[in-house]
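A.B. asks: The structure is given below, and queries will be raised subsequently.
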Amino acid sequence: MGLQRFSFFVTLALVARSLAAIGPVASLVVANAPVSPDGFLRDAIVVNGVVPSPLITGKKGDRFQLNVVDTLTNHSMLKSTSIHWHGFFQAGTNWAEGPAFVNQCPIASGHSFLYDFHVPDQAGTFWYHSHLSTQYCDGLRGPFVVYDPKDPHASRYDVDNESTVITLTDWYHTAARLGPKFPLGADATLINGLGRSASTPTAALAVINVQHGKRYRFRLVSISCDPNYTFSIDGHNLTVIEVDGINSQPLLVDSIQIFAAQRYSFVLNANQTVGNYWVRANPNFGTVGFAGGINSAILRYQGAPVAEPTTTQTPSVIPLIETNLHPLARMPVPGSPTPGGVDKALNLAFNFNGTNFFINNATFTPPTVPVLLQILSGAQTAQDLLPAGSVYPLPAHSTIEITLPATALAPGAPHPFHLHGHAFAVVRSAGSTTYNYNDPIFRDVVSTGTPAAGDNVTIRFQTDNPGPWFLHCHIDFHLDAGFAIVFAEDVADVKAANPVPKAWSDLCPIYDGLSEANQ
């Protein structure tokens, strides 16, 4: 690679967030390139030349046609790929859901695949990422916003655009498949694609610009592979108005603990003295704190000098507590208001053997035939569906309750669990022993808490979306170690509900023909 092209890619990676958003119709060219978002140069995976991947936007009701073009060449980060559009229900388009070996075979290098899906009734803050092994940790991850022209919160803010999306990224100097199976911490935290590591104390930091007197809707997106972050902005309170694509009753906080894959919209009133203020995202482990500007970005008021802040952090007195979150509009909780008061209740027992995680004594090993293809080919029962012990058929039009008790047998807690194809009611949250069947928040990623707190997080949802849907820990290193199951929802109706395009059917024969070095 010539020096000119090399510099071009590095420069691109540093200005990722200055590029225009794409969508709802777009091509995403997935490639390998050297990048240095924290001042340390490494090969990574870029989309349309940038890390993090570009912001995708659209409006409620849009049809998204996202053509993924795989030009990957570096086998250490895998040459194939598969992209999940996180938080979208994909009703009728389970084939476009993205998880490799659950909903599709990966896209081979040198090939492309069109993800074509509607978003009829969702709006809010989402994201997208590779769903093949630990590939998203190497760069294939970015924000996705669906705007609501009739947003019920519109009167609460003045500005909501590309400049008010905030991404939090754990960044590693070693490719995920070449590093430890379970890393002991990231090398840097990137906020909007920029950050510092211990070895790069002069790297550029992201600047978030505001104008005094205006109210901003910031969309905070954790595109983390592992740590959760405690997010705050010196001198400012934050009013949370959206949780994982669900409008919520306004809640005033001064810090937000955000777990991998979660999203929050908050309104910030730029009513403080014109100046520079530290934006902080402290990981729960690894290189913590803010010495030398690590884990930080800058909130800069118009008219403030171009300088690093001198503000200090004050102790959080009104942190975000999940049980204080409630939907803006009433969302009835499925089932009756007693523990187990549903059509089907499942308890998930976690375990770990030093190498792999287990749920109810099974570790998830990706099958050679995607679960969706198994169902379309006639497999119907848990006995028929692979991987054995990891696929749970769920009846149609039923209420489901899942309990996820925290246990010392599954280290690395708190584990954030994500259910595909649904938002669920969090009827018991981490840190709480009470059950709320009246007005709990609905979301798609929930912290399962810690064994020390005796947590027994409980969620509920309705089976109204035929297809195989992943439920997994969103710490990507844990998912890769088998911390997942699949719900095969309403198996009998999957085929009729999800007609698949020929291009989807072609993915497996192409992928299966690859040598291991080309996968």
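Keep in mind that glycine also has a Cβ here, set from the backbone N, Cα and C atoms.
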A.B. asks: Could you tell me which of Cys105, Cys137 is bonded to Cys225 by a disulfide, according to Swiss-Prot?
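C.D. replies: Of the listed candidates, Swiss-Prot names Cys137 as the partner.
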A.B. asks: Which residue, chosen from Asn74, Asn456, is annotated N-linked glycosylation site in Swiss-Prot?
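C.D. replies: Asn74, according to Swiss-Prot.
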A.B. asks: Quick check on the annotation: Swiss-Prot has His420, His472 binding Cu cation 3, so which of His129, His131, His153 does it put in that site too?
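C.D. replies: My reading of Swiss-Prot gives His131 as the candidate in that site.
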A.B. asks: Besides Cys473, His478, which of His415, His418, His422 does Swiss-Prot list for that Cu cation 4 site?
C.D. replies: His415
A.B. asks: I'd like the Cβ neighbour count for His129 (Cu cation 2 binding site), meaning other Cβ atoms within 10 Å of its Cβ, all protein chains included.
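C.D. replies: For His129 (Cu cation 2 binding site), the count of other Cβ atoms within 10 Å is 26.
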A.B. asks: Between the Cα atoms of Asn74 (N-linked glycosylation site) and Asn237 (N-linked glycosylation site), what distance do you get, rounded to the nearest Å?
C.D. replies: 44
A.B. asks: Which ones are near His474 (Cu cation 2 binding site): of the recorded positions His84, Asn161, His418, which have a Cα within 10 Å?
C.D. replies: His418
A.B. asks: Which of the recorded positions His86, His129, Asn361, His418 has its Cα closest in space to the Cα of Asn353 (N-linked glycosylation site)?
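C.D. replies: That would be Asn361, the closest of His86, His129, Asn361, His418 to Asn353 (N-linked glycosylation site).
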A.B. asks: Taking the recorded Cu cation 2 site as His86, His129, His474, identify the other residues of that chain whose CB atom sits within 8 Å of the mean position of the site's CB atoms, giving them in sequence order.
C.D. replies: His84, Trp127, Tyr128, His131, Tyr136, Arg141, Ile223, Ala260, Ala261, His418
A.B. asks: Taking only the Cα atoms, work out how far Asn228 (N-linked glycosylation site) lies from His418 (Cu cation 1 binding site), in Å, as a whole number.
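C.D. replies: So the Cα of His418 (Cu cation 1 binding site) lies 14 Å away from that of Asn228 (N-linked glycosylation site).
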A.B. asks: Measuring Cα to Cα, how many angstrom lie between Asn161 (N-linked glycosylation site) and His418 (Cu cation 1 binding site)?
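C.D. replies: Taking the Cα atoms only, Asn161 (N-linked glycosylation site) lies 27 Å from His418 (Cu cation 1 binding site).
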